Structure formats: structure tokens, C-alpha cells
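Asks: Here it is, the structure in full.
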Amino acid sequence: MARPECPKESLKTKRARAARILERLEAAYPNARTELRHETPFQLLVATVLSAQATDKSVNAATPALFARYPDAFALAQATPEEVEPYIRRIGLYRTKAKNLVRLAQMLVERHGGEVPRDKQALMELPGVGWKTATVVLGAAFGIPGIAVDTHLARLAKRLCLSQARTPERIGAELEQYFPRERWVFVHHALILHGRYVCTARRPRCEACVLAEACPSRGTW
DNA sequence: ATCCCGAGGG
DNA sequence: CCCTCTGGAT
């Protein structure tokens, strides 16, 4: 990672650049939303927990069979981790995730009537659910604004010189200063798509990047 | 800071 | 072979 210096910008200048970035994201990814397959908030929560350090493709390959066997929290709460493992083994980190999902389902039944709580603190008390997963679920399932920062957002925020902060929470808080609240959830999904297909971790395709004009790091990778 | 972990890409 | 993938818990 050869780091170019980020330009010194006022908040006003940065917001103007963010506005241009948002414009181009809206043109390039007009209906960006989660690519995790799900029918209910519960299934989205499970899929998002499974997506930690895994590709959404591998998660989507596993969840149809998983959801057919365990369609809701009540069904999953009756399972043992050993019974769940075969469904998710190919995703990786499967022992931890199987254990977490069963306990998570049991807690949903015990504390929330089997439903997904619309509250970040309550979500973060569930095993396997941290700040990023809770923010994603609130946004995608309930439309509650928030910019969840995952590996893609962290990388793009740095390359775009939108945030040099280190923790996901701080990067997210900073990004939320630059984009309008009603577009936060869109920005999250659009930047993930852009990070997955264009501004990739290893060899970013700057020549094909619609954000290049607004990116101080263009061509330096 | 380290562990969990399989699968696909370069 | 090494790196990365919508992280979280210890």
C-alpha cells in the first residue's frame, strides 16, 4: 500500500467532494441493496452473521438449505450447533458461527418473542452480532439510517480520503457527516458493490472507476 | 493481538 | 503460494 498524501480539505470542500461521489454512485448503482438472500428480518440477521469474513456468494449458497430446515428463530432455537454445522461448513468459521446462531435464536425467543429487535443495543447483546452487523440489519431490514463499515467501507474510505480513522465506528461516524442521512444506507450498499467489483483490495481497477475524478488516490495503487 | 476457517482469485 | 472475504469475542 503506497499511500498518497490526502489533500487537506475543509469540511465544506470534503462535503462537496462527497456529493460528487454520491452522484456517481447513484448513477452507477441505482438500486444498490444487500445481496444477501433473505425473506425475513430473522433470515437477514442470520445471513449477516454468517457473512463475517466470508463472501456473500458463499453465504447465499448455504442459506437456502439452512432456511428450509430452520425458517425462523423458533426452529433454530431447537437445534444443536452440531446439527447446524453441516449447513454452514463451507462458509468458514463454522464452529463459532453455529454455536452463536443457536444461542442467538434462543435469545430471540426468550427476550424478543422470536422477532428481531429494532434496537442497536439489543442486537449487539446477541452472540455473533457486533456494531457492524447490528447497523446493517437495522438499515436493510427496517430502514433505520446508518453507515455500517466493513472491510470494503474501511478500505474505500481511506483510498477516497474520506476518513483516516482506524475503528469502523469512527469511520462510520465520519462518513455520516459527509453524506445526507436519507442516503446513508444506500452509500453503505453502493460502496460495498464498488469495493467488490472495482476498487478491489489487491488490484483496484482505477481505469474503470466512476469515482476516479473524485479520488485523490486514483492511479497510485 | 490472536483466534476462528473454508473457498476463490491472482 | 499468499491474500481476501459485508467481523466478533477473548
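Numbering starts at 1 and runs along the chain as displayed.
Every residue, even glycine, has its Cβ placed from backbone N, Cα and C.
The domain 'HhH-GPD' annotation in TrEMBL covers A:50-197. The [4Fe-4S] cluster binding site annotation in TrEMBL covers A:Cys199, A:Cys206, A:Cys209, A:Cys215.
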Asks: For A:Cys206 ([4Fe-4S] cluster binding site), just count the other CB atoms lying within 10 A of its CB, please.
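Replies: Cβ-Cβ neighbours of A:Cys206 ([4Fe-4S] cluster binding site) within 10 Å number 17.
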Asks: When neighbour density is defined as the number of other C-beta atoms within 10 angstroms of a residue's C-beta, which of the binding-site residues A:Cys199, A:Cys209, A:Cys215 has the lowest density?
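Replies: Comparing Cβ neighbours within 10 Å for the binding-site residues A:Cys199, A:Cys209, A:Cys215, A:Cys209 has the fewest.
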Asks: How many of the residues that make up the domain 'HhH-GPD' (A:50-197) does DSSP mark as helix, as strand and as coil?
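Replies: With helix first, then strand, then coil, the domain 'HhH-GPD' (A:50-197) has 104 helix, 0 strand, 44 coil.
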Asks: With an 8 Å cut-off on Cβ distance to the A:Cys199, A:Cys206, A:Cys209, A:Cys215 Cβ center, who else from the chain surrounds the [4Fe-4S] cluster site?
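Replies: Near the [4Fe-4S] cluster site, beyond A:Cys199, A:Cys206, A:Cys209, A:Cys215, sit A:Arg159, A:Val198, A:Pro204, A:Arg205, A:Leu211, A:Ala212, A:Ser217, A:Arg218.
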